[in-house]
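Trainee: I'd like to ask you about the structure that follows.
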Amino acid sequence: MKKILGIESSCDDTAISIITERRKILSNIIISQNTEHAVFGGVVPEIAARSHLSNLDQALKNVLKKSNTELTEISAIAATSGPGLIGGVIVGSMFARSLSSALKKPFIAINHLEGHALTARLTDNISYPYLLLLASGGHCQFVAVLGLGKYKILGTTIDDAVGETFDKVAKMLNLSFPGGPEIEKRAKLGNPHKYKFPKPIINSGNCNMSFSGLKTAVRTLIMNLKEVNDSVINDIAASFQFTIGAILSSKMQDAIRLYKQILNDYYEDINHPTKLNLKSFRKDEFNWKPLECITRPKYRIHIQNSYRSNLLNDTIVIAGGVAANKYLQEILSDCTRPYGYRLIAPPMHLCTDNAAMIAYAGLERYNNKLFSPLDFCPKAKWSLEDI
């Protein structure tokens, strides 16, 4: 049985996992660095990289022992090779490539975002294509997931990522790190309508998002309040989370319309293997304008007749650390249901950074013989569209 070993080190969690060709997670080890970074109220890249260097050997021993696996049984080694904090990415990638060289097994460089994008295929075995909202500490984007390595970004944040905004607001409120879970916990105790915060570019008519203005509004409110007690913190957390939900819900509706346009307007419904033709949009424009676009061959995918019914897949996936927020899951589920879509979020432990998603992305690439050279250069920035 094929076994893929995955390594994740793009931020502050050192993670190694082993999965089988049948998508069974044999072991999924995560060594957290929260204690090291909590005193700073955020992740310190240098500390993160040094901790990865110290933790990887032990994480490998733990994952092999827990999965009852010998290193010689590993079929391939997959590792996050970007995007992320470059120090940690280099450490994890070098560790993986060393294993690959020593074991004479294939090395597979994985885009961290692709790991998140494919997690629902690991947990729920969904088919391509589907619409994805990737919401994490470093990214927030709507993506049409058309196939392995075939991604179309429909919209993205033009400033701060949503997860980063959660963490920074939590820090303003003197809540512990990481801030996302703390905001969610406090929000349950507060009044979501106590404070009205701005919803930047919510009516722009496209899928792009902005969170910096919201963050500034929260900071201004806190500075102007005479007292910030527990009750006030709860109300701010609830109002902030409510506003995030409203922004994402509005943008989700824009994303659904654009996603349908991509799948319907450019699909040739004929009686033999067909092509889905996607049009690129100009990078310097927020609005997608098909008539001004040129065809990009990398966004053509061939679909067999047996998959025709899946072309209008009724699934929307939310992934990334922010996807673990139950309130946002409920809000987005209510938003997508009238459009005939079901919302899927991976289990909480697979929403946040983990190596099982990296191993699974590696498995899909292994099955398609998409291997990477040992001199693959890790990347701090790496768009899904550039895989």
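Each position is counted from 1, following the chain as shown.
Here the Cβ of each residue, glycine as well, is placed from N, Cα and C on the backbone.
Swiss-Prot feature annotations, pasted as is:
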- HIS112, HIS116, ASP353: Fe cation binding site (BINDING)
- LEU134, ALA135, SER136, GLY137, GLY138, ASP167, GLY180, ASN325: substrate binding site (BINDING)
Trainee: Taking Cα-Cα distance, which of the binding-site residues GLY137, GLY138, ASP167, GLY180, ASN325 are within 10 Å of HIS116 (Fe cation binding site)?
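Mentor: Of everything listed, nothing lies within 10 Å of HIS116 (Fe cation binding site) (Cα to Cα).
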Trainee: So, three-state DSSP: helix, strand or coil for SER136 (substrate binding site)?
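Mentor: Looking at the DSSP assignment, SER136 (substrate binding site) belongs to neither helix nor strand, so coil.
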Trainee: DSSP secondary structure for ASP353 (Fe cation binding site), reduced to helix/strand/coil, please.
Mentor: coil
Trainee: Residues near the Fe cation site, HIS112, HIS116, ASP353 excluded, by Cβ within 8 Å of the Cβ center?
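Mentor: Filtered neighbour residues, in order: GLU8, SER10, THR80, GLY84, LEU113, GLY115, SER136, GLY320, ASN354, MET357, ILE358.
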Trainee: If you count the other Cβ atoms within 10 Å of each Cβ, which of the binding-site residues SER136, ASN325 comes out on top?
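Mentor: Max Cβ neighbours within 10 Å, all protein chains included: ASN325.
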Trainee: Would you count the other C-beta atoms found within 10 angstroms of the C-beta of GLY138 (substrate binding site) for me?
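Mentor: 20, counting other Cβ atoms within 10 Å of GLY138 (substrate binding site).
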Trainee: To the nearest whole angstrom, what is the C-alpha distance linking GLY138 (substrate binding site) and ASP353 (Fe cation binding site)?
Mentor: 11
Trainee: Looking only at LEU134, ALA135, SER136, GLY137, GLY138, ASP167, GLY180, ASN325, which the record lists for substrate, tell me the maximum pairwise CA distance in angstrom.
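Mentor: Max span of the substrate binding residues, Cα based, is 17 Å.
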Trainee: Rounded to a whole angstrom, what is the C-alpha distance between LEU134 (substrate binding site) and ASP353 (Fe cation binding site)?
Mentor: 12
Trainee: For ASP167 (substrate binding site), what is the secondary structure state per DSSP, taken as helix, strand or coil?
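Mentor: For ASP167 (substrate binding site) - judged by DSSP and reduced to three states - the answer is helix.
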Trainee: Hey, how far is ASP353 (Fe cation binding site) from ASN325 (substrate binding site), Cα to Cα, in Å?
Mentor: 14
Trainee: So how many other Cβ atoms are close to HIS116 (Fe cation binding site), meaning within 10 Å of its Cβ?
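Mentor: Its Cβ has 31 other Cβ atoms within 10 Å.
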Trainee: Could you say whether, by DSSP, ASN325 (substrate binding site) belongs to a helix, a strand or a coil region?
Mentor: coil
